[in-house]
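Colleague: Okay, handing you the structure first.
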Amino acid sequence: MSPLLVASRNRKKLAELRRVLDAAGVTGLTLVSLDDVAPFEEAPETGAVFEENALAKARDAFAATGLASVADDSGLEVAALNGMPGVLSARWSGRHGDDAANTALLLAQLRDVPDERRAASFVSACALVSASGEVVVRGEWPGRIAREPRGDGGFGYDPVFVPDDAAGRTAAQLSPAEKDAVSHRGRALRLLVPALETLARARG
């Protein structure tokens, strides 16, 4: 089994990639996270687009550890906010990773926006960097922003994001399997599967 570093400390992201690999029948890779390797200096997320941030994180992880590395950068693009929060999604309220504060600010900004103008998309860019080269893919998940949070699954803006393909439920009301099948990150990770299969075969 060859190690594949997921350049994140978010265990939910690690579990999501593991489910995608299992569903695709990809074997021969052992997933490890940043918590499983020696600490290294991580570059700040300064890219203007998701792809830049994902690639920078994967490059840093590969350079520091020598392990094939996968990284993602994802966020929410809201039409009424001209595509924001975008790459600032995780720190929209000024506090990085404060899901409740970020969501509360988003809902406040959209308070007077009518339902027909609350369109939004989750976007995920995933990058794989290994000795064989670099691959970058992108997945999108269209929907709209609800008026109040619903559901207790997922993370981030999931409780206020109503996907177009979820029969009125928020992303936080979907099971992990349902979310994997249609989510932005699930779509991006599935696009990465052929490269991961090649990586597994090369090391098998």
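Backbone N, Cα and C define each Cβ position, glycine as well.
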Colleague: Out of SER69, SER74, which does Swiss-Prot tie to the same substrate site as SER8, ARG9, ASN10, ARG11, LYS12, LYS13, PHE155, GLY156, TYR157, ASP158, LYS179, HIS184, ARG185?
Modeller: SER74
Colleague: If you count other Cβ atoms within 10 Å of each one's Cβ, which of the binding-site residues LYS12, HIS184 has the most?
Modeller: HIS184
Colleague: Going by C-alpha distance, which of the binding-site residues SER8, ASN10, LYS12 is nearest to ASP73 (Mg(2+) binding site)?
Modeller: SER8
